[in-house]
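Visitor: Pulled the feature table from TrEMBL, pasting it below:
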- B:16-377: domain 'Cation/H+ exchanger transmembrane' (DOMAIN)
- B:32-53: transmembrane segment (TRANSMEM)
- B:59-76: transmembrane segment (TRANSMEM)
- B:83-104: transmembrane segment (TRANSMEM)
- B:119-139: transmembrane segment (TRANSMEM)
- B:151-171: transmembrane segment (TRANSMEM)
- B:191-210: transmembrane segment (TRANSMEM)
- B:222-238: transmembrane segment (TRANSMEM)
- B:299-321: transmembrane segment (TRANSMEM)
- B:358-378: transmembrane segment (TRANSMEM)
- B:467-485: transmembrane segment (TRANSMEM)
- B:519-539: transmembrane segment (TRANSMEM)
- B:545-565: transmembrane segment (TRANSMEM)
C-alpha cells in the first residue's frame, strides 16, 4: 500500500490544483483548458514552488492516457454520416486552411531563421484547429445548433483525418530527413488502406460485439469491454508504427456506429475529463515561462498569423465552396485557434528529437493566446461582416454575389442519381473490396515468419509452406475477389451501354458491348492478380506451384461461387444495417 | 508520444483480457471479480504465456488508483443516517463476527504452525466481509430492497470502520512487533479524533464547496473538483501515516452528505469500474498457482472456517441483537465470504514485510472460493432455516422464542426522549467540541517547527514564539471552548435537577443544585485546560507567560462571548442542515 505514495502525492497535487483552477477559470469565464495549463506551469519545475512533482514520468504516462481518451471521444463524435452531409464544402475549407497555414508556418519559421525541420513542424502546428476549444466555445455561446456550426464540425472532422495523415508523414520525414513524392504516396496509401480496412472490419465486428455485451445491462461490463477494444486496437496500431492518437480516434469512429453510442459517451466522459485534465497539466509542466519572454516577438507574430491566416484561408475556402459571406466569416472566425493537435505534433517533434526545445513553449503560448481570443472573435463575426459589406466597393460586392449565384446554379443541376454517381458508387465498392483483399494478403505475408516456423513442424519444404500460406490468403479473400469481379462486370456493362451507341457502332453494337463487358472484368482480374502478387511477394510460391494453386483455386471457386456471393452480400447488408442504424437516445 | 508504448501495451493486455473475461464470467453467471483475478493469473509471471506485462510497477500503481476509487465509492454508500437506523443490531453482529473470526483465524494459523504475525494477519484477513461481492450478489438475486439486506449493509458499514481501525492497529503492531493496551488505546483514540474532526470539518466545508461548483452544471468541473478533494484529502491522510484506503473512504463518507451525491456516484462509477478491474487483475498477477497446490489443505480448512464461522458468528450476533431466526440465518449466509479488504490487509502484510509470502495467495484463493459459494448460500438460507426449525428440539426453540420476546419487550419501553438520551446527546456534543479543540491545538503544535522559523523573522525569543502560537490556538478554539462550557453547564443543571431531590436535601435543595451546576462546569474547564496543556506541551509557554496569556484570553472572552456563541450556533445549524438534506434524485 505504501510504495505508491509519491505517485499519489503527485496526483493529489495535480488534481487538487486542477480542481481549484477549473472553478477559478469558470468564474473568470475563460476556457478551463487554459487553467489546466496554468496549473501545470505552477506545479512545473521552472516556477516556484519547485519540485511539487516527484515522479514526472508517471504523470506524463497518465497524461498520455488523457490523449487516448481525448482522441477516442473525438472519434465518437466523428460520423461518416455527418461528414457526407457537409462533405464538399468542409473538404474545400479544411484543405485550403491546412495548405495555407502549413505554408504560412513554414515561411514564418524560415523568416526567423529557424531550421527547415522547425519551420515544417511550426507549419503543422498551425494547420489544425482545436475541436475541444471550438465545441466548448460554441456551446457556451449557445450557437452549437446553428447551421454554420454544423459546417465547422464537418471541417473539424476533415481536419482530424488530415491531421492524422500529417502525423504519419511528419514521423516519416523526421526519421528519414526528407520526403520524396513516392514515399509520401506509399505512406498515405498504406494509411488509407489501414483506415479503410479497420473501419470496414471494425464496423462489422465491434458494434455487434457491443450489442451482445450491452444486453447484460451492466455499465461495468460495457465500460470494460469498450476499454478492452479501445486499448487492444491502440496496441495493434502502435505495433504497426502508427501513433496511439490514430488508434484511439479510429476505434472511437468505429464505436460511433454502435447503437449504444450515447451510453458509451456517458461512460467515457468522466475518464476523458479526468485524464485530459492531467494531459493539459502535463503540457504546462513542460512550459518554461522564461522561454516565452525570450520568444515574445515570434509568439506575437505567429499568434497574429494564426488568427488572420485562419480567418482568411478557412473563410475564403468556405466562400469558394459556395456559402454566403456571413457564414464564411463566422466559420473563419470560429476556427481561428490551435489546440490539442498542435501539442501532440509539438511533442512528436520533441520525442523524435528533430525540433528545437523552444518550439513547444511557443506552440503552447500561441494556443493559449488564440484560445483566449476565440469567444470574442466568434462574437465579432457578424458585426465585422456588416462593416466589411459597407466598406466594400460596389463592383467587388457584385462580383462576389455573382460567383455565389453561379455556383448555386451549378449545384442544382445534379439532383437525381446520375450515371456519374452510379459509377462512383461501384468504383468505391471495388476499392473497398480490393483494400480487404490487399489487407488479407499483407497480413498473411507479415505473419509468415511466425506461422512459417509453426508450419515447419509438419512440412520442412519452404516452397510448400508458401503454397499453404498463399492458398489460405487466397481462400480467405475469395468472397471479396468474387465481389470485385462482379462489380467490375457491372461497371463494364454500364460503360459499354453508354459508350457504344447504335448510332455510331451500327450493327456491331451488341458485339462490341459484349466484348467490352467480358473483356474489362477479365483484364481487371489480371490486374488484381498482379497487385496481389506484388503485395504478397514474400510468400508467393514458385511459378509451377503457383499455377497449380491457381488451377485448384479456379476449381474450388466454381464450387463455392454462389456461397461467396451470398457471404459477401450478407456482410454488405450487415455493414449497411450498422451504418444506417440510429444510436439509441 | 512513443515513450509510453510499453505502458499502453500493458494496459491493452489487461483491459482486453478483462473485457473478454467480464463477458465470459457474466455468461457463466459467476462474479466478474473472479474473472479479473483469473485474467491476472493468466497475464502474471507464474503461468504461460510469460511476460505479457512489461512494467508491472505502473500497472500496480494504477491498481492502487483502483483501491482509492473503490474505497471512495464505499464511502459514498456509507451514510451516518443509514447507520443510525440499523445501529445497535449492526454493531453487535459486526463486532461478534470480527472478534470470532479474528480468533478463529489466529487459532487456525497457530494450528498450522505459522508465525504469530502470520496467524494474526490471517485473523484480520478473515474478519471482514466483502461489500462489493455482497452488493453485487444481492442485486443479481433481486434481494437488495429486503429488510435483511438493509441490515447487512449496516453491518458492512460497521465492518468498514472497524476494518480501518484494524488496518491502523496492524500497521502499528507490524512496526513495533507487539501491541500494548496503552498503545492500542492511544492509536485508536488518535484515529477516532482524526475521523471525528475530519467528518465534522469535512461535512461543514465539502458539500458547500460542491454545491457552489455544481451550480455551473458542468460535469467536468464537478468531477475534477471531486477528484481534487479526494486526492487532496488522501494526501493529507497519507502524510499523517494513515492508509490511502482510509482517506478515500472518509472523503467518500463526507461527500455522501452532499446534495449532489447521485451525480457524483454517476461520475465516479466509470473510474471505479475501470480501475478496480485493474486492481483485481493485479491481485491475480501476484498469485502463484503453484502455491495454491502446496497449500491446498490450509485453503480448504480456512474456506470451511470462513463459511461456517461467519454464518455462526454473524447470524448469532444478529439473533442476540433481537432479530428473528430467519433474518439471522439470511444475514449470516450473506456475509460468509472475504474480499477486497482481505487483499488490502494481505498486501499490507507483504509491504511491511512481516507476513510470509504464502499468506497472500491463500487469501486470494479463499476469497475466490467463498465468493463462488456466496450466491448459493444466500439462496440456501431460507430452506436451511426451515430444516433447522424442524430438526431443533422443542425446548431449545422455546428458549429462543422467549429470548426474542424478552428483548423486544425491553426495546419498546424506550420510545420517548428520556433523560438518558438527552444526557447522551449533550455528552456527544461535548465530545465533538473537545475533539475540535484538541485538533486545533495538535495542528498548531505539529506546525510549530515550520511556523516557528517563520515567526523567527519578527521575534527571536523562543518563549515569545510559543506565546504567539499558543494564543492563536486558544483564540481559534474559543467558540468550541465556550460551547463545551455551555454544554457542561446544561449537563450539570440537568444532573443537579435529577440527583438532588427536595425529599432528601430539604431546604438546601436550591443551594446544592446551584453549587453543582456552577461547580461542575468550572471543574470540567480545568480538566479541559489540563488536557489541552498536555496535548500542546511542545508549544506551552512558561508558567508566568502562560498566566498572562490566560488572563488576556479571559478578558478577550468577556468581549467576544456572544460572538462565540453565535458563530458556534451557526456552525451547528450548518452541520445539521447538510446532514438532514436529502440528496437530489
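Glycine residues also receive a Cβ, built from the backbone N, Cα and C atoms like all the rest.
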Visitor: Would the transmembrane segment (B:222-238) count as touching the transmembrane segment (B:299-321), i.e. at least 3 C-beta pairs under 8 angstroms with sequence separation of 6+?
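Guide: Taking Cβ pairs at least 6 residues apart, the transmembrane segment (B:222-238) and the transmembrane segment (B:299-321) are not in contact, as fewer than 3 fall under 8 Å.
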Visitor: Among B:32-53, B:59-76, B:83-104, B:222-238, B:545-565, which stretch has the highest count of C-beta pairs below 8 Å with the transmembrane segment (B:358-378)?
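Guide: Out of the listed stretches, B:32-53 contacts the transmembrane segment (B:358-378) most.
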Visitor: Considering only Cβ pairs within less than 8 angstroms, which of the stretches B:59-76, B:83-104, B:119-139, B:191-210, B:545-565 has the most against the transmembrane segment (B:222-238)?
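Guide: Looking at each of B:59-76, B:83-104, B:119-139, B:191-210, B:545-565 in turn, the most contacts to the transmembrane segment (B:222-238) are made by B:191-210.
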Visitor: Ranking B:59-76, B:119-139, B:151-171, B:191-210 by Cβ pairs under 8 Å to the transmembrane segment (B:32-53), which is first?
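Guide: By the under-8 Å Cβ criterion, the transmembrane segment (B:32-53) pairs most with B:119-139.
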Visitor: Do any residues, 6 or more residues outside the transmembrane segment (B:519-539), come within under 8 Å Cβ-to-Cβ of it, and if so which ones?
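Guide: Non-local partners: 434, 437-438, 441-442, 444-445, 448, 466, 469-470, 473, 477, 481, 484-485, 488-489, 491-492, 495.
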Visitor: So which residues does the transmembrane segment (B:467-485) touch in its own chain, when a touch means Cβ under 8 Å and the partner is 6 or more beyond its ends?
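Guide: Apart from its flanks, the transmembrane segment (B:467-485) reaches 429-430, 433-434, 436-437, 440-441, 444-445, 448, 451-452, 455, 459, 521, 524-525, 528, 532, 536, 539-541, 545-546, 548-549, 552-553, 556-557, 560-561, 564-565, 567-568, 571.
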Visitor: In the same chain, who gets a Cβ under 8 Å from the transmembrane segment (B:119-139) while lying at least 6 residues past its ends?
Guide: 31-33, 70, 74, 77, 97-98, 101-110, 149, 152-153, 155-156, 159-160, 162-163, 166, 170, 173, 276, 302, 305-306, 309-310, 334-342, 345-346, 349, 354-355, 359, 362-363, 366-367, 371, 374-375, 378
Visitor: Are there residues at least six beyond either end of the transmembrane segment (B:59-76) with Cβ under 8 Å to its Cβ atoms? List them, or say none.
Guide: 10-11, 14, 53, 131-132, 160, 230-231, 234, 244-246, 248-256, 261, 264-265, 268-269, 271-272, 275-283, 285, 340, 344
